[in-house]
Amino acid sequence: MGLLSILIFLPIVSGVLILALPKSLNTWYKYITLVACAMQLLLASYLYYAFKTGDGFAGVNQLSQYQYVENLSWIRLQLGSLGTLQIDYLLGVDGFSIALVWLSALVMLMATLSSWEIKTNLKGYFSLFLLLNASVIGVFCALDLFLFYVFYELMLLPLYFLIGMWGGVRREYASIKFFLYTLFGSVFMLLVIAGLYLSVTDPATGNHTFNMVHAMNPANYSNGAIFNLSSGAQIFGFPARLVGFIVVFVAFAIKVPVFPFHTWLPDAHVEAPTPISLILAGVLLKVGGYGIIRIAYGIFPEAAVSLSFWMGLIGVISIIYGAMNALAQRDMKRLVAYSSVSHMGFVLLGVASLTSEGINGAMMQMVSHGFLSVMLFFIVGVIYTRVHDRDIYNFRGLANHMPVFTGFVMVAFFASLGLPGFSAFIAEAFTLIGAFSSESLNGYVPRWMAVLGALGILLGAAYLLWTLQRMYFGKLRLKKEEWKQALTDVNARELTVLIPLAAFSLLLGIMPSLLFDVMQGSVNQFITLFK
Amino acid sequence: MITLQHFLLISAALFALGLYGVITRRNAIQILMGIELMINASILNMVAFSKFDRAENTGQVFGLFIIILAAVAVAVALVIIMNLYKRVQTIDPSKTKSLKG
Amino acid sequence: MEQYFTDSQLLYLALITITAPFLSFLFGQFFKKYAVLWGISSISISLVTSVLLFFSVWQNQVLHYSFSWIKLANIQINLGFLLNNLSVIMLVLVSFIALLVHIYSVEYIRKDALKYRYFSYLSLFCFAMLCVVMADNLFLLYAFWELVGFASYLLIGFWFTKRRAVHANKKAFVMNRVGDVGFLVGIMILLAQFGTVDLQTLFAENGLIHSSFVQNGLWVSPFRSMPSAWLTIAGVCFLLGAAGKSAQFPLHSWLPDAMQGPTAVSSLIHAATMVAAGVFLLLRISPLFNEAVLTLMASIGLLTAFMAASIALTQTDIKKVLAFSTISQLGFMVLAVGVQDNASAIFHLSTHAFFKCLLFLAAGMVIHQLHHVKEYTETKFDEQDMANMGGLFKRMPLTAVVFIIAALALAGLPFTSGFLSKDGILISVFDWAGHRGGLFWIFPLLVSITSWLTTFYIFRLIFKTFFGDFRLPNIINVRAEEMHLHDPNNWMKVPAVILAVCCLGLVFAINPLSLESSWLHHAFVQQAHENGLLHLLVPVYINVLSVVLIIAAYYIYAQGRITFSNQRTWYYQFSYQQWYFNWLYDKKLVALVLWKSKMAFWFDRYVIDGLVHFSAKAALFMSRLSDFCDRYLVDGAVNGIASIMSRFSVWFRSMQNGKLQHYFVWMLLLFLGFMIFKIII
């Protein structure tokens, strides 16, 4: 059993352990989860540390260059004249996924620490939580489309229950909306996956295969197959590969989310309990970005290129639109949710530019947003668990009342609005630089998009600083008198969440090469797909 | 002169009256009387039609035959009614719809 | 010049210069008791190293160290220092003034409970500002530029319980952000075009900017090309960035609001150093600008200078007057860069830093002492309003004297530093306009007017504050003797006196009447002014009228012999309301943006989410429909047959009800039916 499998199955085993323990030991559950997540993070850190970089380890469309690869035959069905149905248990990571695997492990640990606030039905909560954990890691490691899809759908199930059972007032609405939105995208994706299966053959065995790395190589497509580049097959009068790209893109765009597929996000975030918000913002959105890069762009490069103008446009609209919406919010959690839309728009813009800076910036933005949105949601959670209110106008002048907390709020806010020294600055600057130089280098994204995207940074400053001014500065004034006692400063457990996140964001802001070096080779290899 | 038609009309009226009695009465005796009226109507028909068979007088013979049968039937019916009354203390046929004794 | 230090030693010196304040920032947060000590000692260290660097580099060599930071396929961004004449003079300037302000602050902030934060933030500012000055590439410069803005944000909002202070710091940061977006776009343009943002590579004598050219509507660099419009756009973008930081039109209105911060901060950040960063940026990248951008820059500088001076005429808040004066003087510097007289711009930047800092410090002394009076007498009045002052010369003589020295420098009267530097700018503007002629003569005209306005407003301030009657006793009904109003102690006096010395022309030139003899100006001159008649006439005619205006101001404000009643007139209101920019920005523009964001949210809520809900409702409706079909049509048919059968059977059952007479009726009916059937057939 390889390291990646351990990474995936460690939480599952722990989950089963929790299910097996009697109810009387329910105080143990969170510690079991904590230990599992901590071990997972250690392992992921080791993987990241031991990850080899350089020319021979780029990955992307070279299966031999992936690292920590595990390949087991999973399902083999003789289908007579149709050949053999080949589904592999194929895991592996390259520069794109290793960063996200590590990020997921970190966010999961933070979310576990934040789960202390959960008081009801602990057994169900923690076992679902661990299931979610396993499936998220699985999504990032899977290199077989079928396996990927299994993990991808497996994520939805625990999330549905976690939001629907431990959520806020309108939790049923939010969880159903979330579930249906995502399912809507992924069901059609399944069709494309089936189409790919029928088109791609494994060069070694000659069987049809779900292997996504083989799907990136045009030579592996059988003649006349629907997704064969030269077959010219059409679906509803459109080129089949274009339709395939759009379907897959929409499936992941819903996850990212980009305008106009984003409206599940504010509701899901607002209703989800704090730890689940952390996971949603910190990891789940990245699944979308990862999927766009790996599957939509990786498998349908020429379709992606032909639509890159629209991709960039959607990205820019998301940036501006999300920021504008955030400016209009009174509910702090909703504000943070919309700011996620805005920040994830940068990812799309960067990817659409198909330049080294743009894609590196987009990946950096995903990781950075992983730290910062987790921090922001956690901050909202800190207030919410104390007084069960999130309305910005019900608070004022918290700075004197909760000085340490306000310090972290300022770090989180300024880091997310792109203060130099924090990761978001590097990420956004590089994304925009990439988008801008795209027209000179490859002509995919026009320059004005980068200029417009830069306005998102301005709006980001506006809504975050306005919130800071309204909630934290000025004289102390709260909606209810008794809140004064309830609003205590952050405790040790909360500090253990906030400090590492702030530290990592700072670290990546000062030494971005920690991440860039790891991704560099993969990004360059990725770009060659579009030449 | 009195034609066959007059006989038939009388007989029909008698029959109708009898039928009416049979259907509407709540008393088994009265129903019996209605039956008698109907029988009499048929006898009248027999006798009236017997003019077409002057040689053998089949109509008259049948008339006599029916009278005897009617008498017997009345006797039997009366016995049934008495038995009925003995068992259920009523001779209203609409109340004796149960097959149980 | 002799070389005292090896290159690596110089590198360490540069590192120490920036590390010291940074450590002080950290220590200040954690060892709160000694924050003052950390602050002052660190900036002293920086000053010492800056001076050493100055003597090693000045007119001698250019030091450029850089280390690889981020390396991607197409671009490389380094971390590094670039020390040339411009940076070392700025280094000394910043660390010197910062040290004086630190010392001054000890007294100014003495009673504040959060003193440690103040000094810590101040150190953060010094760190960032020194880095801005030394950064060797635009990306790094941008990073520290933002950090400077952040430190300014913290310091403006130092009294974060004051509603207006936190409003002001947000406004300052956001307006700076507008400029920063421009700056960032400029960086993107340069990176896309040249693949590097290294200042030396781009802007040195034989740098990439010089080897790129415009041809056939294309801007061609050795690597790539893009439409030539982007060259102009790049210039405008950087100009926008500089306008944000240096409070130029149209991004100027944050600076007056920023006066909500402590006065010492205003003097350091919003008068002497940070706001000059914009001009510094323009100087660093000046080879980039083409003719159109330069003209625009000159126009913006001119407009800003004139506008701010005209606003300063009517303000009643002592700090507001100084703030607008700062904006106006920065306008002069931008104008100087615009007319390509970089030497004068740098010179004016330096002299302005001293005298404007001093003006703020002296004003701070007045405010500080009046604040004491307020606490002492337990009364309420606005200690920054000039209506509450007057006649302070007798009570605070030293303050008044240093203030007047600085004011003379600001007005540009002979024997002061301001005379030299302003002279340079004026002559360049005259030259520049002379070469172009026509409408360009507006420039020297307006510049002269602005220069006179400057003299007038600053002496209006002096006479209202230090001369005439002391108005405060009548306002708060406390006798002047009971106020114990006097010059502050030495913590404040010493820095002020040192700065006052630096306002003298002798510090900058051996002959304090001749611009050419100034060492600072001389170091940057690319082409000397033509020794024409202008050179003699311009200073004379400016200064003669200035003196007249000073006398006029004396009669109006100190003696009260001449009075105006123009407060109702539109031009007075226009000036007093700061040309209605606050109204336009804070009320209209912000309201517009908020309205737009509300619309966006409405759109999100009702259109996008509405579509989602609509599709959900449509699906529900479809399912209801199919439910209806299932329930009433498909199932209905089955159930219908069954129910018909059961109806019939009920009916048939009624025949077998055991009632004798019913049987009769049935028999009859059947018989009749049979008969009728038979008859019909």
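Glycine residues also receive a Cβ, built from the backbone N, Cα and C atoms like all the rest.
Copied over from TrEMBL, here are the features:
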DOMAIN    C:69-119  domain 'NADH-Ubiquinone oxidoreductase (complex I) chain 5 N-terminal'
DOMAIN    C:135-434  domain 'NADH:quinone oxidoreductase/Mrp antiporter transmembrane'
TRANSMEM  C:12-28  transmembrane segment
TRANSMEM  C:35-58  transmembrane segment
TRANSMEM  C:86-106  transmembrane segment
TRANSMEM  C:141-160  transmembrane segment
TRANSMEM  C:181-203  transmembrane segment
TRANSMEM  C:223-243  transmembrane segment
TRANSMEM  C:264-286  transmembrane segment
TRANSMEM  C:292-314  transmembrane segment
TRANSMEM  C:398-420  transmembrane segment
TRANSMEM  C:494-513  transmembrane segment
TRANSMEM  C:533-557  transmembrane segment
TRANSMEM  C:663-680  transmembrane segment
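Nonlocal intrachain contacts for the transmembrane segment (C:494-513), taken as residues 6+ away from its ends with a CB within less than 8 angstroms of a stretch CB, comprise 97, 100-101, 103-104, 347, 350-351, 354-355, 357-358, 361-362, 365, 398-399, 401-402, 405-406, 408-409, 414-421, 519-521. Most Cβ pairs under 8 Å with the transmembrane segment (C:141-160) belong to C:264-286, among the candidate stretches C:35-58, C:264-286, C:533-557, C:663-680. Below 8 A, the CB atoms of the transmembrane segment (C:292-314) and the transmembrane segment (C:181-203) form no more than two pairs separated by six or more positions in the chain, fewer than 3 in all. On the 0 to 100 pLDDT scale, the domain 'NADH-Ubiquinone oxidoreductase (complex I) chain 5 N-terminal' (C:69-119) averages 86 in this prediction. Helix, strand and coil counts from DSSP across the domain 'NADH-Ubiquinone oxidoreductase (complex I) chain 5 N-terminal' (C:69-119) read 29 helix, 11 strand, 11 coil.
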